[in-house]
Amino acid sequence: MAPQAPDRDKALDLALAQIDKNFGKGSVMRLGEGVRQPIAVIPTGSIALDVALGIGGLPRGRVIEIYGPESSGKTTVALHAVANAQANGGIAAFIDAEHALDPDYAAKLGVDTDALLVSQPDTGEQALEITDMLIRSGALDIVVIDSVAALVPRAEIEGEMGDSHVGLQARLMSQALRKITGAMNNSGTTVIFINQLREKIGVMFGSPETTTGGKALKFYASVRLDIRRIETLKDGTDAVGNRTRVKVVKNKVAPPFKQAEFDILYGQGISKEGSLIDMGVEHGFIRKSGSWYTYEGDQLGQGKENARKFLLENTDIRDEIEKKIKEKLGIGADVTATDEAPADF
């Protein structure tokens, strides 16, 4: 016979008290008790992408995967997130498994390269062990791993060229993600995995594209971003940048499948002013008539490039437009109004 309700409640309270004593306060909690913290975020550098993510940026303490074709802007988006984390007083690390980080380009995007922790590991095991130790220190705000495809298992590096090492990298990723996920949640460290695309052989229906490193990352990631270059931006006949589209393929903290478009300028990164113009026109703060852009009677310029230059020189107007967009959409650097979603890893 089941115990009566008062006895059950008393037994549960005793069990919860013992759990708190053994494992720390908050180890088990009722979802409606109000002890949940709102989701803290790291802005991406593009207001359009922040809106598409639903909470104003990349969630802290979660796994993020950014993937796409070569030269699509994956590292650029990750470096902008690093710069924004540092701008808010955070500490960042970059695990450069590809040995391809350009410090000068990172500095142009706003990254404090003097304070950035950089590691160029020899093996995938070393890279992920370093990541685990940095997360467990509790001091890091963001860690970027560039890229999953370059996390080569030690056995493959030490073996002969042509040897078969089926599933080694997938097992390595699965084990590493099992280890770091809990530590990330406790420390609030965001880990961004940059990934490459491969094509599956013999696929007749559906997309043949897949990402490297097995399936574990797909499951553990709270946010997956598919980034593509859709257009080349030109100034006359000279290419000056790319129009980029990002699709939020997976999102555990807000509705998924939203898209964002923004400009990435060569040598400058994501154009903040370009994003503000696009969002301003979309939400009625900036008026576009023909090729002219106007804001509250002030002409910003003829053509998007001239309007972009105007906002770059007139930061007060730029900041005013940004503030209005963020107020209307309910996002910003202090976007913490959304209740924390359960970490369903």
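From the backbone N, Cα and C atoms, a Cβ is placed for every residue, glycine too.
As given in Swiss-Prot:
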- Gly68, Pro69, Glu70, Ser71, Ser72, Gly73, Lys74, Thr75: ATP binding site (BINDING)
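Packing around Gly73 (ATP binding site) is summarised by its Cβ count: 24 other Cβ atoms lie within 10 angstroms of its Cβ, all protein chains included. Counting only same-chain residues six or more apart in sequence, the Cβ atoms lying under 8 angstroms from the Cβ of Thr75 (ATP binding site) belong to Asp146, Ile194. Take the mean position of the Cβ atoms of Gly68, Pro69, Glu70, Ser71, Ser72, Gly73, Lys74, Thr75, the recorded ATP site; other residues of that chain with a Cβ within 8 Å of it are Ile227, Arg229.
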